[in-house]
Amino acid sequence: APHVPHQPPLPSLPKSLPILHPLPVPPPALSSRFPPPSSAPPRPGAPRRPRSLLSSRTARPSGAAMEAAARRRQLPGAAGGPGATFLQARHGSAKAEETAHMAPFHFDLWFYFTLQNWVLDFGRPIAMLVFPLQWFPLNKPSVGDYFHMAYNVITPFLLLKLIERSPRTLPRSIIYVSIITFIMGASIHLVGDSVNHRLLFSGYQHHLSVRENPIIKNLKPETLIDSFELLYYYDEYLGHSMWYIPFFLILFMYFSGCFTTSETQSHMPGPALLLVGPSGLYYWYLVTEGQIFILFIFTFFAMLALVFHQKRRRLFLDSNGLFLFYSFALTLSLVALWVAWLWNDPVLRKKYPGVIYVPEPWAFYTLHVSSQH
């Protein structure tokens, strides 16, 4: 018989195998906090997985809870701990200090602004009459022209510095276009005003129109009169419009940012009260000599409407806004007194016909002052 090798007996299988049930999947919101316990036994011979990955007896914090814990570590008093009182007191003192220094009165800018307005704008025709004519011949720029050149440089610079200190961020494009237009209009006015004031030495009378002036109405050929009227148009209409419209627009935009939530900030210091008089008097000269009463009254009523609108929102004017508003209010009062005083003047009434009657100070000077000397 052939030799059959010995074979080991086959292992006996268990009578019943464990039934592997699938693990229930918990809801997404609760899976990280309450993982279900694993009740099924592991398979024989299966590698054991780490306990930290299989199940966790402690809930893992969510992202919001971790952020809150980080904030509590950085700010020990945020959750009402021992440092809460200290942090609240420190925050309150910082806020009070910020409110106290929210809008200081810009005395330096307003003082320089008022001073250069009086010296370089109001004083230039006076300086032209005071300085000897031999020093500044008629075919050369007068001292008043040099004053006007300095005004055209210093005033835009002060306006830009004023805008920089505004509590409110103003649109830069409008500011730049306004400053450029202001310089262009003031330069046009410089040329026309220089010639018109030089004509005073030749007998030109400001209280009369161009064609009615004795030194012009007899010019030959008559087309020269049209040239002088064109010069007068550049001086009194185009130059003044391009000069004063952006000027008042910049002031109004600055005024729109002069509001504060603290009613205690709505007062003017002593130096501001001293500047209100000179500032309001200069604006009176600007409105009457520049013939811009409509532009001025429109700006003033826009400021008044803005004050009432902001008052409903519990916002009050700060010291700079009060200074500008009171200066304009004083100007309006002075213009009303000026018009009432010269209301029945027949010569000035003839030069300034119409509903709006605001005589120029230089027209009054040539009519009632220089004619007597």
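Using N, Cα and C of the backbone, Cβ positions are placed for all residues, glycine too.
Per TrEMBL, the feature compositional bias 'Pro residues' maps to 1-12, 21-45. Residues or ranges marked as compositional bias 'Low complexity' by TrEMBL: 52-62. As annotated by TrEMBL, region 'Disordered' applies to 1-92. Residues annotated as transmembrane segment in TrEMBL: 109-134, 146-163, 175-192, 237-256, 268-286, 292-309, 321-343.
Fewer than three CB pairs closer than 8 A are found between the transmembrane segment (268-286) and the transmembrane segment (146-163), and contact between the two stretches is not assigned (pairs 6 or more residues apart).
As a quick check, the transmembrane segment (146-163) and the transmembrane segment (237-256) clear the bar of 3 or more Cβ pairs under 8 A, pairs 6 or more apart, so the two touch. Proximity of distant same-chain residues to the transmembrane segment (237-256), defined by a Cβ-Cβ separation under 8 Å and at least 6 residues beyond the stretch ends, is recorded for 159, 162-163, 166, 168, 170-171, 174-175, 177-179, 181-182, 184-186, 188-189, 192-193, 286, 290-292, 295-296, 299, 302-303, 306, 320-321, 324-325.
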